[in-house]
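Listed in TrEMBL:
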type     : residues : note
COMPBIAS : 692-705  : compositional bias 'Low complexity'
DOMAIN   : 67-200   : domain 'Nose resistant-to-fluoxetine protein N-terminal'
REGION   : 667-705  : region 'Disordered'
SIGNAL   : 1-16     : signal peptide
TRANSMEM : 209-233  : transmembrane segment
TRANSMEM : 319-338  : transmembrane segment
TRANSMEM : 358-379  : transmembrane segment
TRANSMEM : 420-441  : transmembrane segment
TRANSMEM : 448-468  : transmembrane segment
TRANSMEM : 488-506  : transmembrane segment
TRANSMEM : 518-543  : transmembrane segment
TRANSMEM : 563-583  : transmembrane segment
TRANSMEM : 633-651  : transmembrane segment
Amino acid sequence: MGSVLIVCLLFGIVGGSPGIAEFDKNNSNVYHRLDRFRNWPREFFAYYQNVTVDDLVPENRLVATKDLQCYEEFSQLVAGPSLENLWALKMIDSWGSIPSGILMGHLMDLGHYDECIRINQVLDSGHNLLGKYCLAQLPLHQWLGYSEALSLILPQTGVCFPASCSSENMDALLGGFFQQILGIEFDKNLTLIKEGTCKTSKKESLDGLTIFTIVLLSTFGAAVAISTVYDYFLCEDQTKLPAILKVFSARANSRSLFRLNTKPNPNVIECLNGIRCLSLIWVCFGHEYRLMFMSPLLNYVDLYSWAKEPFMMFINQGVFAVDTFFFLSGLLVALLSLRTMERSKGKLHVPLMYLHRFLRVTPMLAVAIIVYMKLLPLVGDGPLYGKWNFDNYDSCEKNWFWTLLYIQNYAADEECLAHAWYLAIDMQLYILSPIFIFAVYKWGKKGAAGVFGLLLGLAGFLFGYMAINEYSLLNLTVEGSEEISHHTHNRASGWLVGFLFGYFLHTIRGKSFKLNRVTVWIGWITSLALFFTVIFAMYPYGLVKKKTIGVISEAFYVSLSRIAWPLGLSWVVFACMQGYGGLANSILSSSLWQPLSKLSFSVYIWHLFIQNLNLGRTRVNIYFSDYDVMLHFWQDFGFSLLLAYVMYILIEAPCGGLESMLLPNRRPPDTQNITPAEVPAAKEPESQRTQTYTTPDTPLSPTSDETNILRFFRNNAPVLK
């Protein structure tokens, strides 16, 4: 959530910078100077009535052929605005101006994007003149004569030129106009228009990978359609539906997805569904705010006061949703793996476990990458759509293979998919998990002590790393935030705490703890105290706060908070399992969470696509308030659920079913048709039954306890910073 702090720092100058104080003293003169340029687009076209080629060629560069074409079209533009040349009127009419309410942080006037790019006029020379929309920076500080404070504020406005004109041509025209009108030496180092902000109606032809992506999705769609039609209209007995058709049937997969298991099951930790889903919502809600901060707001200045509100900490500390899912991953790996080893007398098929994990997660991730690179740029359009936020497609062009290898958090400078770093850490910890599993299985408490020592060692390393390098997560202008947040050795604390807690639950399986009311109250108060301390401990500090915190103190907070958060979660899970959860258990264990829990991985992958699409295609400025963000969130979250369901039916469920069919079944032959949760009841006397822990029903029948681990990892994925 660093962008909000940077924005608040920027607009902190409104509260008390010398430049603004000077602005207040001379507000009358400044107002008239500012008002003079409200209609600068009209003055711009009047100034260039007699434009020459030299006006649109940058200094120290010879005239090129493309400059001549630009000169020809621009000359017709400035000479032809009339009812007879409606295209010229539209091009001028689509321009923005100096935004109203600059002092409230309204820094962007988008003009009329569609009016500009829809211009397609056949000229007398026979070729077509297309409109080209760009965002131009306005040198407000030079207009008003103040540089120290206002130089940080560069309003932007939409401009429209003939498509034959390059950003260099536009820059030369605007620069010459401003220099002449302002009567000052224009800053030649300031680029007013960047080519990356320009757009036309001309679309690039589809390349091979784009065509492959369309064919791939069409093939899966056809398989799903055929299987669903056969299932619904031609198959009267569902038990006789061929396995390959059942894998692709939307009807069969939807039934499994939306089936609610309301019967109490001692083999299921029901509260994990609620924890997973609430964390997912927290993540998506936090990303909505981050995207809103980067949007064309009408009132950026209000972010300065908003950042001082306690509510901001819930958004800024949404990073702890990541640690929640790391905790769940470690917990379930320990529980299910130790149960598997106990039943197989110490054996764990590690290579096949790795293969299952890779095949369950990678198909959806691979489809997301190619859709992100090739289809997302085609499905949306707008003045801000493209390289303005999370959707920097160039990063995937360069680093997509590191993402599929799950090492992009170490190997790539720019990660493909802003949220895929979580999957890399999750996979890396999963690969290391057999070391911890064999340690606690073979040496018991001594092995757990070794894992605990590793936990303390990594926390100490993180503390030393931040203290020695003077890294800070509050002051995001310094380096190190990516290493602190995205490197596995710095984010493993939550996973290790979850693993140790899972080992603890394994050792007490089948036991019931009778706790008095005082102990229960102490447990809940301690847990809530940990949660609120982690969230609000840094409230007095930050870029927009009066207090500052030392590097040592912040290093202590970061290293210890990543342990404190999962410790609080450990009590929540333990209390809910033992019957001391009360209202919390009623909410977290509700069966209504089950469908969203099964969709959580798909929602995690696709929610940023929807948020980028909706905010990237905006044509007007947005008013910032918590209520308005909430409206945008529920709209985006609803469409994220719809897209997640489509991709689940199209990709995740079929690929998971194919993987279960193709890979060998590792359960004993006499239990082929028994779910893992039912095995103890079939094999052990009543007095010796032990609890196992599985997820609620999923679209795929489990083939082993290890498959359940993989399914848990898949369901635990939807989280990121």
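Each residue, glycine too, has its Cβ placed from N, Cα and C.
The structure displayed is predicted, hence computed values, not measured ones.
In the predicted model, the domain 'Nose resistant-to-fluoxetine protein N-terminal' (67-200) shows an average pLDDT of 84. Here the transmembrane segment (633-651) does not touch the transmembrane segment (319-338). Their Cβ atoms form fewer than 3 pairs under 8 Å, with each pair 6 or more residues apart. Within the chain carrying the transmembrane segment (448-468), a Cβ under 8 angstroms from the stretch's Cβ atoms is held by residues 436, 439-440, 480, 483-484, 489-490, 492-493, 496-497, 499-500, 503, 551-552, 554-556, 558-560, 562-563, all 6 or more beyond its ends. Non-local neighbours of the transmembrane segment (488-506) in the same chain are 322-324, 326-335, 338-339, 409-410, 424-425, 428-429, 433, 436, 440, 448, 451-452, 454-455, 458-459, 461-462, 465, 559, 562-563, 565-567, 569-570, 573-574, 577, 693; each lies 6+ residues outside the stretch with a CB under 8 Å from one of its CB atoms. Highest Cβ pair count under 8 Å relative to the transmembrane segment (563-583), across stretches 209-233, 319-338, 358-379, 420-441: 319-338. If one looks beyond the transmembrane segment (358-379) by at least 6 residues along the same chain, the residues whose Cβ comes under 8 Å of a Cβ in the stretch are 203, 207, 209-210, 212-214, 216-217, 386, 391, 393, 396-397, 400, 403-404, 416-417, 420, 423, 427, 601-602, 605-606, 609, 612-613, 647, 651-652, 655-656, 659, 663, 710-711, 713-714, 717.
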